[in-house]
Amino acid sequence: MDFYKKEDQDGLRFSWNIFPTSKVETTRLIVPIGCLYTPLKQTKNLPIVKYNPIACKKCRSILSPLSAIDFKKKIWKCPFCKNQNAFTQSYSQINENLLPIELHPTSTTIEYQIEREQPPTPSYLFVIDRTLPKEDFETLKQIMAEKINDLPSDSYIGIITYGKNVWVHELEQNFFPKSKVLQGEKNYTAEQIRSILNLPTTPAVMGSDNKSDQENSQKKSSLGKYLIPLREERKTILDNILQKLPYTTFINKNQAKTQREPRAIGNAIAIALTLIQSRYGTGRIVMLMGGAATVGRGKIVDLDRSIRIRSHNDLFKGTSSELKNAAQFYDAVAKSAARSGHAIDLFSVCFDQVGLFEMKNLAQFTGGLMTICESFKDDTFLKSFSYLCNQNNFAMDATIELKTSSELKVSSELGNFFLTARSKNNISTGGMVSTWKVCSLTESQTFAFYLDVLALPETLTKGQRGLMQFKTLYRHHSGHWRLRVTTTSQLFARTLTQMEMIENSFDQEAASIIFARKVIEKSNSEKPKNVLRWLDKSLINFLSFVSTYQRRKPETVMINKQYQLYPQFMYNFRRSQYLKYFGYSPDESTFHKYTFLNENCQNSILMFQPMLFEYSMNTQQRPVLLDISSLNKEYILLLDTFFYIIIWRGEKIAKWVKQGYQNMDEYKDFKTLLEMPHQYAEILTQKRFPYPKVITCVQDSSKERLLLTRLNPSKSYRESDFDNYDQNISLTDDVSFQIFLKYLKKLISNH
């Protein structure tokens with residue numbers, strides 16, 4: 001089966017492309033039945049039409065190539081509920097040779113530009129930590145003044161700063177900047193915030209002249225002080241106000257050694273959400289944080305530096321005193337933001353933790369961005385912030401609806417979105433319908449859906465298929481509403497008599513990601529040892545089911561070619577940062593997991609099984625094994641781990657560079673060789689979020705450890721003969737993939 005072709009056409013990857021016929025058979029397969037769906041995947045031949053789709057009058061599914069057509073009677077039969085629907089007058093000329101584009105066999109995915117009232121332009125509310133180090137604070141103001149101009153000219157902009165208190169800045173004039181100050185430690189309700197800021201009780205339509213919108217004109221005018229349109233005449237005012245934002249510190253130099261800066265992050269987010277919800281339409285709240293919340297709601301650590309911020313051990317033992325209250329507060333804010341269609345972006349710019357572990361649902365429920373960097377001067381922050389300010393990267397206010405036929409049921413879903421509705425499986429209405437809200441959607445954003453197969457009759461109809469239809473309604477960056485419809489069908493087969501068909505339909509890459517997402521979900525509530533034990537048990541059970549072997553003879557274990565890559569994927573996943581927390585803070589682990597749940601199949605695999613490329617004078621670029629044996633003193637290696645890209649130079653290459661051969665005319669080829677990995681790294685980073693860090697290192701340097709930790713230690717100090725010392729030896733206690741596979745086969749044969 002060509003899995004990549006289906007992904008290119010429909011943005012879909014299934015773990016099993018042929019389904020078993022019952023829940024019992026599904027359980028026997030171990031690896032769950034599911035799919036990865038990328039709603040906005042850019043495809044070459046995506047048909048885009050400028051009219052509304054035809055929907056079934058009974059179940060509201062959309063006309064598709066899977067619909068049965070009666071050309072004589074001009075009716076179509078819904079494949080979900082079997083209801084017959086008449087075509088409209090505009091389809092009166094259709095026949096077998098003259099089909100509308102939505103009925104073409106290749107139009108399983110089609111996009112409609114819907115005739116619907118154009119939505120208002122989005123709002124952008126920047127929430128800034130004013131207790132940042134002074135140099136960082138000035139750098140941030142400079143970057144914002146430059147990059148905000150890249151936002152749409154008709155969008156609305158607001159600025160809130162926070163420290164011990166929260167300042168809501170008025171942006172109407174720049175001679176005497178004003179702001180409303182709210183206490184950082186006080187628990188304000190939404191009604192109290194609206195009263196203090198004089199905001200309308202219902203979302204106001206800014207810039208409208210309708211009388212109905214002008215009833216509360218005074219409060220609407222007050223809202224206009226805090227959210228202003230980014231027109232040409234207002235840009236100067238905004239730039240001046242940004243430059244005049246005051247740097248503030250609430251502790252002196254002596255106190256800084258024993259106390260943290262007071263930061264009312266929780267109140268700042270709550271006030272920002274109330275403000276942005278007062279304007280009709282969607283928008284983004286951009287959190288620019290330089291430290292942890294230490295006062296008020298959402299507090300995660302005390303002001304006293306002697307009380308350290310929670311670690312993974314504290315989370316496992318349940319000894320973090322602030323965790324429960326903070327997580328509950330941020331979850332409530334996240335749900336409110338998701339329902340109103342507002343994304344919340346989290347930028348953690350700090351050497352220490354800021355509380356992403358507690359805040360994760362702010363981004364996860366709303367589809368917001370999340371990134372970690374050390375300074376506002378880093379390329380990681382600059383490129384990531386530029387990505388945010390480019391409206392073409394996002395679709396806003398999206399709703400994803402998945403309809404399944406009566407044989408299938410959506411059991412669960414994993415991704416950065418928010419479930420809003422789920423109906424029961426009803427045969428009369430054509431199956432089950434689930435709906436999710438995604439406030440901000442990108443081209444690579446991918447969601448995992450897990451399916452249960454309901455019991456089918458013993459006499460299976462030949463060619464019987466389960467149907468799925470995805471409907472993604474979103475606001476395109478051009479301002480128009482669009483509906484992307486993807487309809488697919490999967491064949492059923494019995495595991496007892498047609499197992500070969502099911503085996504050939506196994507997609508190892510998609511299955512690894514679908515299973516890995518389940519493991520990550522499990523790791524959020526269970527201890528790492530228990531999760532690792534469950535993963536190993538599942539792997540052994542699965543390979544025992546699909547392999548051939550003689551009992552208690554490991555050498556006879558034969559893993560079929562359809563599954564040969566799967567153990568390798570699981571080996572690298574076990575070694576990755578998703579299951580090993582040593583050296584990672586809870587915030588870093590949260591960031592890595594969030595990104596994994598957000599990305600497509602190819603990018604997700606890179607996160608635990610990176611790509612390694614080799615450059616030499618003889619071969620310009622070629623992929624090589626992710627193994628310690630690939631190190632060579634005459635080569636340059638490039639390792640792409642998604643989060644960072646490492647360019648490694650062998651000992652001889654580094655020596656030539658030190659001697660300056662690249663600057664001599666007679667060694668132009670060597671200069672070209674040095675430039676090639678950097679050029680490829682630039683290509684890799686162009687459309688990737690978060691922007692990866694590019695690291696250059698040489699053999700035997702301290703940074704080389706970042707490369708060595710991701711390579712298979714096929715040569716380690718355990719197996720090496722130190723009398724015949726080999727430089728390419730990995731000093732690690734991790735077992736190599738070869739040893740892992742050896743013991744795996746032993747356990748399979750004893751199963």
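Glycine is no exception: its Cβ is also placed from the backbone N, Cα and C atoms.
Quick look at what TrEMBL annotates:
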type: DOMAIN; residues: 53-91; note: domain 'Zinc finger Sec23/Sec24-type'
type: DOMAIN; residues: 119-384; note: domain 'Sec23/Sec24 trunk'
type: DOMAIN; residues: 396-489; note: domain 'Sec23/Sec24 beta-sandwich'
type: DOMAIN; residues: 507-605; note: domain 'Sec23/Sec24 helical'
type: DOMAIN; residues: 619-706; note: domain 'Gelsolin-like'
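Recorded stretches compared: 53-91, 396-489, 507-605; the one with the most Cβ pairs under 8 Å to the domain 'Gelsolin-like' (619-706) is 507-605. Within the chain carrying the domain 'Zinc finger Sec23/Sec24-type' (53-91), a Cβ under 8 angstroms from the stretch's Cβ atoms is held by residues 100, 102-108, 110, 112, 403, 405, 428-431, 467, 469, 471, 483, 485, 487, 489, all 6 or more beyond its ends.
Residue counts for the domain 'Gelsolin-like' (619-706) under DSSP, helix first, then strand, then coil, are 40 helix, 20 strand, 28 coil. Mean per-residue pLDDT, taken over the domain 'Sec23/Sec24 trunk' (119-384), amounts to 88. For the domain 'Zinc finger Sec23/Sec24-type' (53-91), residue counts in helix, strand and coil come to 3 helix, 11 strand, 25 coil, using DSSP.
Per-class residue totals from DSSP over the domain 'Sec23/Sec24 beta-sandwich' (396-489), listed helix then strand then coil: 3 helix, 60 strand, 31 coil.
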